[in-house]
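Asks: Could you have a look at this structure, given as C-alpha cells, before my questions?
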Amino acid sequence: MSLKSHLLVSKKACFKLFLQTTVNKGGEYRCKSCGEGSSCRTVRSKTKLMNILIERGRPHEAQTVFKTFAETGHRPSLITYTTLLAALTVQRQYGSISNIVSEAEQSGTKPDSIFFNAVINAFSESGNIEDAVQALLRMKELGLNPTTSTYNTLIKGYGIAGRPERSSELMDLMLEENNNYVRPNIRTFNVLVQAWCKKKKVEEAWKVVRKMEECGVEPDTVTYNTIATCYVQKGETERAEREVVEKMVMKEKAKPNGRTCGIVVGGYCREGRVRDGLRFVRRMKEMRVEANLVVFNSLIKGFVEIMDRDGIHEVLALMKECKVKADVITYSTVMNAWSSAGYMEKAAQVFEEMVKAGVKPDAHAYSILAKGYVRAKEPKKAEELLETMVECRPNVVIFTTVISGWCSTGNMEDAMRVLTKMCEFGVSPNIKTFETLMWGYLEVKQPWKAEEVLQMMRGFGVKPENSTFRLLAEAWRVAGLTDESNKAINVLKCKDIDIERLEKLYQKQSSGSFSLLQIPVGKRELPTAKAMNLSACKLGARVPIICQKQSQAQFGIRGQFVHSCTVFLN
C-alpha cells in the first residue's frame, strides 16, 4: 500500500485517540481568570517553571507542577499542555499522551500547530507511527496547516519504526505539494539519510544526498558524518575515510570536524587498526582539525589492547603537540598498560604524574594500581593505597582486590584483617568478597575455615549462590575429605530448592558429622561479628556487584578457581 492510500485509510478512522474523557471542563475552575478563559498570571508562571525544570533535566518535577493546576483550581493553557507533552516525551512516558491530547481539546483550549507537532513528535519517538499519522490528519481536520517541521517529525518517526521507504514517500509528497511552507530543508534530508543508515542501506542514503543536491540543498557535515557512522558500524571504516571524508575535504561548507575524526578513529580502533587511526588523526591535524580528548583516549586504549607501548608514547606526544591535557581516563589507561605488563614502577610513576598534574584519581585509577600490586605479589603495597584514598573512598571492589592479594600469597590472617578494615570503612562485603576468602582457604587447604566464611555470610545478609557451594565442595576435596565435599555437592543436586533452603539442608547434613573428622584445630567456633570487630558493617545490606567480571565469574572444578579469582587481578 502506498503512503497516499495509507493516509486515506487512516483518515477513515474514528480518531479514538482524541475521544477520551476529560478531567476538567470549563466552569470547574476556582480561579476567576481561568473560569473566564482569560490569561492567568499563575498559569503563566507555573508553565514557565515547567519549561525551566525540563531544561535542567528534571522533567518528572515538571509533571508534579502540572498536577498542582487541578489542585489549586487553575486551568492549564495550551502552552502548558505542550510543555507537559515535552516532559512526557523526554521521560519516554508515551502511555499518557492520548489522555493529554483529549484533555487539552475538551478543556476549552484550541490546539495549534505547535501543540500537534509536539503530539506527533511524542508518538514518533515511541515508534507509534499510526497514531502520529492520525494526529496529522486531525490537525488538518481542524484547519491547521502542517509545517516542514511536522513532516520532518513524521519522517523521523517512520525511521524509528524501521520503515525508511515510508519516510522517502513522505518526502516525495512534500515535493509534490508546491507549498513553500512544507518544502524539504536540510533537516528533512538529514533525517531521511539517518533513517536509511539505521537500516545500514548506505546506497539509499547516497541517493538521498544526490536528491538533496538536485533540490538545491547542500549536504552539511551532519549528512556526511551520518553516512560515515554507517560505514563504521558495518566494519568498513576505510570506505568511510575514502568515500565520505574525501568528499568532505572537497566541500566548502561540509568540512570534516572533530566529530568526523572521532567516528573514523573509533572505527579503526574497533577493527584493530589503531595505526590507521593514528595516521588519520595526523592527517586531520594537517587540515587544522584537531582531535579531542575522547579520540586520543580511544587511541591509547587501542594501543594498550594490542600491547604497543611505542604507539602509546606517540599518542601522548601528539597530545602535547595539540595542547590537549590528559584526564583521569588517559592516565588510568596508560597505568593499566604498564601494570598489565608487570612494570609496577612505571605504573606508579604515571599515577604520581597524574596527581602532580592536578588530575584527581578516581576509584578506577586506584583499583588499577591495586590489581597491579596484587598481580606482582605485593599485597602490602595494594593495602597501603587504601590509606591514601581520602577524597575518593575505597569501594567493595578495591577492598576485595586487596583481600585477594593476601589470599594469593597464603596470608589469610591479613586477608581477614582487611575484611575487618573494610567494615570499619562502612563498606559491606558482597558475595565475591566472601568467595575470594573461601578460595584463599582452599589454597591453604583449610576447608573448615572456608565453611566458617560461608556461615559468616548469613550475618551480613549475603545469600550464598551455587558457585559458593561448589567452591566449598572443592575446598573439602582438595583437603582429601571427600565425604564433606560430597555433602556440598549433594546440596547442589536439589535444583528445585531455593538457595535459603539449600543452605539449611547443608547445615543439617553437616551437623553431627564434623566431630568425626580428625582435624587438629581445637574447638570449632564460628566467629561473630562482634568478635571480629565487624560491627561497623551495615548488616543485611547487600552491596551491588560493581565489576562486570565479578558477576560473570563461575566456580567449578579446581582449574577454574584460579581463573575465577583473577576477577580481581586482571
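Start at 1 and count along the chain as shown; that gives each residue its number.
Quick reminder: no glycine exception, Cβ is built from N, Cα and C everywhere.
So TrEMBL lists the following for this protein:
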REPEAT    112-146  repeat 'PPR'
REPEAT    147-177  repeat 'PPR'
REPEAT    185-219  repeat 'PPR'
REPEAT    257-291  repeat 'PPR'
REPEAT    327-361  repeat 'PPR'
REPEAT    362-392  repeat 'PPR'
REPEAT    395-429  repeat 'PPR'
REPEAT    430-464  repeat 'PPR'
Asks: By DSSP assignment, list the helix, strand and coil residue numbers for the repeat 'PPR' (147-177), in that order.
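Replies: Secondary-structure breakdown of the repeat 'PPR' (147-177): 26 helix, 0 strand, 5 coil.
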Asks: Would you mind listing the long-range same-chain contacts of the repeat 'PPR' (257-291), meaning Cβ under 8 Å and 6+ residues beyond its ends?
Replies: 221, 224-225, 228-229, 231-232, 235, 237-238, 240-241, 245, 248-249, 298-299, 301-303, 305-306, 308, 311, 314-315, 318, 321-322, 324
Asks: So what's near the repeat 'PPR' (362-392) in sequence-distant terms, Cβ-Cβ under 8 Å and 6+ beyond its ends?
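Replies: Residues 328, 331-332, 335-336, 338-340, 342, 344, 347-348, 351, 354, 398-399, 401-402, 404-406, 408-409, 411, 414, 418, 421, 425, 568-570 contact the repeat 'PPR' (362-392) from elsewhere in the chain.
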Asks: How does the repeat 'PPR' (395-429) divide up by DSSP, counting helix, then strand, then coil residues?
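Replies: Output for the repeat 'PPR' (395-429) reads 26 helix, 0 strand, 9 coil.
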Asks: Which residue counts does DSSP yield for the repeat 'PPR' (112-146) in the helix, strand and coil classes, in that order?
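Replies: Helix, strand, coil within the repeat 'PPR' (112-146): 27 helix, 0 strand, 8 coil.
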Asks: Could you give the number of helix, strand and coil residues in the repeat 'PPR' (327-361) as assigned by DSSP?
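Replies: Split by secondary structure, the repeat 'PPR' (327-361) comes out as 26 helix, 0 strand, 9 coil.
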Asks: Write out how many residues of the repeat 'PPR' (430-464) are helix, how many strand and how many coil, based on DSSP.
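Replies: Split by secondary structure, the repeat 'PPR' (430-464) comes out as 26 helix, 0 strand, 9 coil.
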